[in-house]
Amino acid sequence: MATFRNIVVLTGAGISAESGLKTFRAEDGLWEDHPVEEVATPEGFARDPDLVQRFYDERRAQVLAAQPNAAHEALGRLDREFGGELLIVTQNFDDLHTRGGAERVLHMHGEALSAWCTACDARHPWRGTLRDGPPCPSCGAAAMRPDIVWFGEMPYQMDRIFASLSAADLFVSIGTSGAVYPAAGFVQAASDTGSRTLELNLERSAGSHRFDETRLGPASELVPEWVDAVLGE
Ligand code: APR
């Protein structure tokens, strides 16, 4: 395996599946029995804020009850021991990368354990519920929403992500269906600027044909193997 100096990793719901957190598209686009449009769009929130708040209150509780799996812990080891540049871009809103020991993590779709005040724009670490309209610690308004990027909203730190992709010499996609842009376009941006591209996924994805190499299997097996090979260099 070549020696890499600058790695960008993209993760999706599949890396947290073995921690017991559901993926999005296992059951034809339903998510915990809700159409995604109902609970993951600003329109859905405007239509029924209580439903959406309760939905994310349940996701937040599930995240807190989940544990990092061997894949998260392997990426934590990579973060600690790899001497080059590393950025882990995750589409997931759980905190399992951080609890698995990774520090260079970017949550492009927001975080379940963060609340966003729509009155003063402040963001706060949040482990409780939002359904009862708690006051914003900064401004006191009862106007906090889940700090999750919904469909139709702009993912976070896109400039930083594309700058990292163009500088990378290896792009690794883990546990994502390649169904949702802009993340689904990262492999093309990486390969256009000379990166090798590797996909680790349970099954072939919508983007598999764009990768130099695809390995199929559970993340808890494929990711530790891959990290051992990278660090073994
Ligand atoms: N190991 C590796 N991959 C797995 C595992 C596993 N144990 N279990 C499932 N997968 C794979 C599936 O084969 C699938 O390709 O993970 C992928 C999960 O795909 P999705 O459910 O579409 O999740 P994701 O790709 O993260 O969705 C992207 O869509 O709904 C939006 O904002 C939401 O961030 C999400 C985005």
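Placed from the backbone N, Cα and C atoms, the Cβ positions cover glycine too.
Per TrEMBL, these features apply:
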type: ACT_SITE; residues: H109; note: active site, proton acceptor
type: BINDING; residues: 12-31, 175-177, 201-203, A219; note: NAD(+) binding site
type: BINDING; residues: Y56, R59; note: substrate binding site
type: BINDING; residues: C117, C120, C136, C139; note: Zn(2+) binding site
type: DOMAIN; residues: 1-233; note: domain 'Deacetylase sirtuin-type'
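For G12 (NAD(+) binding site), the same-chain residues that are 6 or more apart in sequence and have a Cβ closer than 8 Å to its Cβ are T23, T90, Q91, N92, S173, I174, G175, T176, S177, A183. Close to the recorded Zn(2+) site, the chain also has T118, A119, D121, A122, P137, S138, G140, A141, A143, M144: residues not among C117, C120, C136, C139 whose Cβ is within 8 Å of the site's Cβ mean position. In sequence order, C117, A119, C120, A122 make up the list of same-chain residues 6 or more apart from C139 (Zn(2+) binding site) whose Cβ falls under 8 Å from its Cβ. Checked against ligand 1, the recorded positions G12, H109, C139, G175, L202 give G12, H109, G175, L202 in sequence order as having a Cβ less than 6 Å away from one of its atoms. Take the Cα of C136 (Zn(2+) binding site) and measure to each of the binding-site residues S16, Y56, R59, L202: the nearest one is Y56. Listed in sequence order, the residues of the same chain lying 6 or more apart from R59 (substrate binding site) and placing their CB within less than 8 Å of its CB are E32, F93, A112. Each residue in the domain 'Deacetylase sirtuin-type' (1-233) has a pLDDT score, and their mean in this model is 95. Between the candidate binding-site residues, G20, G175, the densest Cβ environment within 10 Å is the one around G175.
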